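Peer 1: Please find one structure pasted underneath; my questions will follow.
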């Protein structure tokens, strides 16, 4: 009896573990399947040039290439194994195959989102790819040197040595007048400094004499 109960509990535990293990596998697949089956490829091409969108589809798989405008998809070409291709999308010049398409004579309006969808023989979706195409505008044409005309105008001026000397001589008194005391000669500066020193010395002597006289001659108050 006890052995039957223990075997029953073991069976229940194993079944629960199996269910839990399968649940974890399904959860992992649900999380990572969109990443595996869908990716974004960024491509760019020059304006007026060509660009090729390459897929990982094999030649024995049918492929549907389309352009996405944000709300709806427009079929570019449908490559069906053994039946060739069709290009119903107006405005694109391209060559189409299962593993790639090439868009010729790119314009700025060709920038946008493109998609590729591959099918197996049973019709099931094998993989899905997104392409983000950016068409780079042509650089602005620069003007060559031969097409540029340079106009040079000259103004005749006559400057003599004598006139330059006269002009400099006439400016000298004005500069000295503006500078004032600083532009005087060293001899004049020394004379002024000596006079200032004598005046200050005499003033100090007078102040000292007056101070002593007031101190000696004043009568003390009783």
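A Cβ is built for glycine as well, from the same backbone N, Cα and C atoms used for every other residue.
Got these off Swiss-Prot a minute ago, pasting:
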- 50: N-linked glycosylation site (CARBOHYD)
- 56: N-linked glycosylation site (CARBOHYD)
- 60: N-linked glycosylation site (CARBOHYD)
- 71: N-linked glycosylation site (CARBOHYD)
- 105: N-linked glycosylation site (CARBOHYD)
- 109: N-linked glycosylation site (CARBOHYD)
- 125: N-linked glycosylation site (CARBOHYD)
- 132: N-linked glycosylation site (CARBOHYD)
- 147: N-linked glycosylation site (CARBOHYD)
- 164: N-linked glycosylation site (CARBOHYD)
- 168: N-linked glycosylation site (CARBOHYD)
- 189: N-linked glycosylation site (CARBOHYD)
- 193-213: transmembrane segment (TRANSMEM)
Peer 1: According to DSSP, does residue 56 (N-linked glycosylation site) sit in a helix, a strand, or coil?
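Peer 2: Coil, per DSSP.
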Peer 1: Out of 71, 105, 132, the glycosylation sites in the record, which is closest to residue 50 (N-linked glycosylation site) when you go by Cα distance?
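Peer 2: Going through 71, 105, 132 one by one, the closest to residue 50 (N-linked glycosylation site) is 105.
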Peer 1: Please report how many Å separate the Cα atom of residue 60 (N-linked glycosylation site) from that of residue 109 (N-linked glycosylation site), as a whole number.
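Peer 2: Taking the Cα atoms only, residue 60 (N-linked glycosylation site) lies 32 Å from residue 109 (N-linked glycosylation site).
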Peer 1: May I ask which of the glycosylation sites 56, 71, 132 is closest to residue 105 (N-linked glycosylation site) if we compare their C-alpha atoms?
Peer 2: 132
Peer 1: Please classify the secondary structure at residue 109 (N-linked glycosylation site) using three-state DSSP.
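Peer 2: Note: residue 109 (N-linked glycosylation site) is helical by DSSP.
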Peer 1: Tell me which of the glycosylation sites 60, 71 sits in the most Cβ-dense spot, judged by other Cβ atoms within 10 Å.
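Peer 2: Going through 60, 71 one by one, the largest Cβ count within 10 Å is at 60.
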Peer 1: Can you tell me how far the Cα of residue 132 (N-linked glycosylation site) sits from the Cα of residue 71 (N-linked glycosylation site), in Å?
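Peer 2: That comes out at 16 Å between the alpha carbons.
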Peer 1: Do me a favour and check the Cα-Cα span between residue 71 (N-linked glycosylation site) and residue 109 (N-linked glycosylation site); whole Å is fine.
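Peer 2: Answer for this pair: 17 Å between alpha carbons.
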